[in-house]
Amino acid sequence: MDRIALIVEYDGTNYCGWQIQKNGISVQQRLEEALEKALKVKTPVVGAGRTDARVHALGQVAHFDADTDIPPDKFFYVLNTLLPDDIRIKRSFAAPEGFHARFSAKGKHYQYRIRNTREKGAVDRLYTMFVPVPLDIGKIREAAAYIEGEHDFAAFCAAGSDLKGTTVRTVYSVDAVKEGGYITIDVKGNGFLYNMVRIIAGTLIAVGKGKLAPEAVRAAIEAKDRTLAGATAQAQGLFLMEVYY
């Protein structure tokens, strides 16, 4: 039995998320359906991260186990002929000994995309959060610095989450870049709580609007109080860019 690893890109617009659910079609479901067609046997797929509905990925990592004559580096081609156009396998390869897409991960890189113009776009509305109010990129960067480092991020976790274990995480970097009418926020860390990146984005948007002071981010972290942070930013602006091993 061989373990095959996949680098997966997908447009999350029409999916209920990565994980198989009863209330809709997921990316994981489509991958498992394609594998069943290719291998003639049900084959579970394990992903590095469970992205939500309408969240996208350019670098999701997954693995599956199979007894097959198909070369590991050819699986991407086989699966792409069986998958819908909004899910693409960018690369397939033989996984290293002991590799697990989720448990072997050392960190992740997410990007949040904002359209900061007076008018909403017809196409990028599916891939950005539209904010018509001018955002102060300087204030956003000032606030972002408070997020970096090891902290208890209880204030940046969705209220009512079924938490198991600690809410302490290490954020390696938060970089905000403005180009034309767009702002991107890149967040890299060793792991993230449920909705953590979207809450970080929503909080930085509130700072950019002047609704929160940059120092309010530090206060929210220290108080571990969800109500002191900003709203959860919309799902469609979030991209899983890369998983680190």
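Cβ atoms are placed via backbone N, Cα and C, with glycine included.
Within the model, the domain 'Pseudouridine synthase I TruA alpha/beta' (7-103) shows a mean pLDDT value of 98, rounded to a whole number. What TrEMBL records for 7-103 (among others) is domain 'Pseudouridine synthase I TruA alpha/beta'.
In sequence order, Gly12, Gly17, Asn195, Ala235, Leu238 are the residues of the chain that are 6 or more apart from Asp52 (active site, nucleophile) and have a CB within less than 8 Å of its CB. Per TrEMBL, the feature active site, nucleophile maps to Asp52.
A strand conformation is recorded for Tyr110 (substrate binding site) in the three-state DSSP classification. Annotation comment: TrEMBL describes Tyr110 as substrate binding site.
Annotation comment: TrEMBL describes 143-245 (among others) as domain 'Pseudouridine synthase I TruA alpha/beta'.
Neighbour density for Tyr110 (substrate binding site): within 10 A of its CB lie 24 other CB atoms from the protein chains shown.
Counting residue by residue with DSSP, the domain 'Pseudouridine synthase I TruA alpha/beta' (143-245) contains 37 helix, 31 strand, 35 coil. In the three-state DSSP scheme, Asp52 (active site, nucleophile) falls into the strand class.
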